[in-house]
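**Q** What TrEMBL shows for this protein is this:
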- 39-57: transmembrane segment (TRANSMEM)
- 77-94: transmembrane segment (TRANSMEM)
- 106-126: transmembrane segment (TRANSMEM)
- 138-160: transmembrane segment (TRANSMEM)
- 172-190: transmembrane segment (TRANSMEM)
- 202-222: transmembrane segment (TRANSMEM)
Amino acid sequence: MTDRHHPRPRHDGTESGLEGLVLRLAIAEPPPPFRPVRIALIMLLGATAAGAVHLTWAGPRPDLGASLLDPVTLAKPALPLILLIFALTATLRLSRPEGQIRPWPLALVGLAALGLVLGSLAGLSAPEILPAVLGSTLRRYLVSIVGLALLPLAVGLGLLRRGAPTRPALTGGLAGMAAGAAAAAGYALSCTEDSPLFFVTWYGGAILVVAALGALAGFRMLRW
């Protein structure tokens, strides 16, 4: 007979649910450790592999060694490499909740690119500007750069999911910028378009396209 003054406690399953959760957490395998340096190396390896495939297919430009003695032509792979270092470093910093970045390296790259464009414009007449901007390999260039960047971007985003970025879109965008810059630097070794009006405009444009793709993917993949 049930005691009216001492009702039995009710069991709604909450306690057993908590016990089950604790048990599952106790026996679950720990997540793999997050190693930012490893992510950087794997992304660079992916970019190198993609660049090697491109150079095997397209081949380096015939006068590569001599062309790199010209400071303007040297800037074609050098600026993307500098941008790669900044973007990859910033990506790894933002992969942690407390990560902070400084935008001044990006501003320096932008100022250097602007100086190249202004110097090129000073030596051209008005009718020569548009042909210099458009070049003769624009379509092939854009497709190649974006295509070469997809592998390191996908690998990088997959590895960044092990981190804890609090700004997933920005983190993904910077990962895309790094992948695009690496692809542009590799493509520059075969590209014969040496006008800054061409390579600053379209290298920059292709890198921004990959950065936008990275931001969209990062917003979806890196949230937690």
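Quick reminder: no glycine exception, Cβ is built from N, Cα and C everywhere.
Distances, neighbours, how buried they are, the whole picture for these features please.
**A** When Cβ-Cβ distances below 8 Å are used as the criterion, the transmembrane segment (39-57) is approached by residues 88, 92, 95, 144, 148-149, 151-152, 155-156, 159-160, 175, 178-179, 182-183, 185-187, 189-190 of the same chain, each at least six residues removed from its ends.
Listed by sequence, the residues of this chain that lie at least six past the ends of the transmembrane segment (77-94) yet keep a Cβ under 8 A from its Cβ atoms are 36-37, 39-40, 43-44, 68, 100-101, 105-106, 109, 112-113, 156, 160, 165-167, 170-171, 174-175, 177-178, 181-182, 184-186, 188-189, 200, 203, 207.
Counting residues 6+ beyond its ends, the transmembrane segment (106-126) has Cβ neighbours under 8 Å at 72, 75, 79, 82-83, 86-87, 132, 195-197, 200-201, 204 in the same chain.
Residues 43-44, 47-48, 50-51, 54-55, 58-61, 64, 76-77, 80-81, 83-84, 87-88, 90-91, 94, 101, 141, 144-146, 148-150, 152-153, 156-157, 160, 199, 203, 206-219, 221-222 of the same chain lie 6 or more positions beyond the ends of the transmembrane segment (172-190) yet place their CB under 8 Å from a CB of it.
Long-range neighbours of the transmembrane segment (202-222) within the same chain, counting only residues 6 or more positions beyond its ends whose Cβ lies under 8 Å from a Cβ of the stretch, are 76, 79-80, 83, 113, 135, 138, 141-142, 145-146, 149-150, 153, 157-158, 160-161, 163, 165, 168-177, 179-181, 183-184, 188.
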